[in-house]
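S.K.: Dumping the structure here so I can ask a few things about it.
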Ligand SMILES: C[S@@+](CC[C@H](N)C(=O)[O-])C[C@H]1O[C@@H](n2cnc3c(N)ncnc32)[C@H](O)[C@@H]1O
């Protein structure tokens, strides 16, 4: 919340992705029937906002020819996902209903009971998923540790709580992590769907990757954190081990910390520096940019700078449109702010 700046009391959209996270134990999960409406989406323009087109075409059937991606074997990351056609920034890549949804802790026996309530076909699919934790034979909890997401879109990373609801998806589980991701997730609370959007334009044949954790830190810190998720990151950024990249990400981390304390005027300059660093680093994550723009909007509002406030609000709304789509509550709220700020600016 940015209320202490006297700016909008709207919850601040943050850059925290819904990440597959290790959960120690499990409580009774609920089996969620797999929606027959799971849709796979490919490209076609139906709308255009500002300089960044927002595009989607929805296929109502779940079949291969409706998809814009394919699951393939990768060299060093097991299975992964590649684009089977060029994608545009802000394009909905896929959305999926969870196969399992449970309150995320404590009882493996109950997890097993719940798993057994799933139709056999789904049980078999679930056993095919990666298990990065078990030594020898796969276990259900190992699969859940490796592939589940936290349900919902918490406002702050600190909100992450092991009791939170967890969700597991059969298809989306195949998206690998990258510290230079080109896709990001959005939670659709209305239907419990997880959606994946292209964070930038993507070429045919490119790997489609999410980020399982905040990637705005130097390589060694990223690697250490990812080890707790059971693997050593082999993404392009980690393989490159570039000293300048580490310096940029170190500075991002520093700026994000400073932003919590800073005076508004200095804060807007820091947001701009952060966005410039994202550009230099090729870090296209729309959630990060949306959060930064919203922060600058709030601070510009507090400073009474209506022209800047209108510019930042429009930017935040546009990023939200691209990483959440037009119906998401954050997009609606940010669009309202953008309209109000534009009116004030005349
Ligand atoms: C959610 S699964 C992703 C799909 C998985 N590759 C598969 O074969 O089903 C997460 C697992 O994929 C692998 N993985 C994902 N991103 C990776 C990366 N950047 N580097 C190395 N392994 C990765 C790790 O084994 C990790 O535990």
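Any Cβ shown, glycine's included, is placed from N, Cα and C.
Those TrEMBL annotations? Automatic predictions, nothing curated.
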S.K.: From the ranges 1-20, 21-40, pick the one that TrEMBL records as region 'Disordered'.
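M.R.: Matching range for region 'Disordered': 1-20.
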S.K.: Please average pLDDT over the domain 'SET' (67-213) for the predicted structure.
M.R.: 88
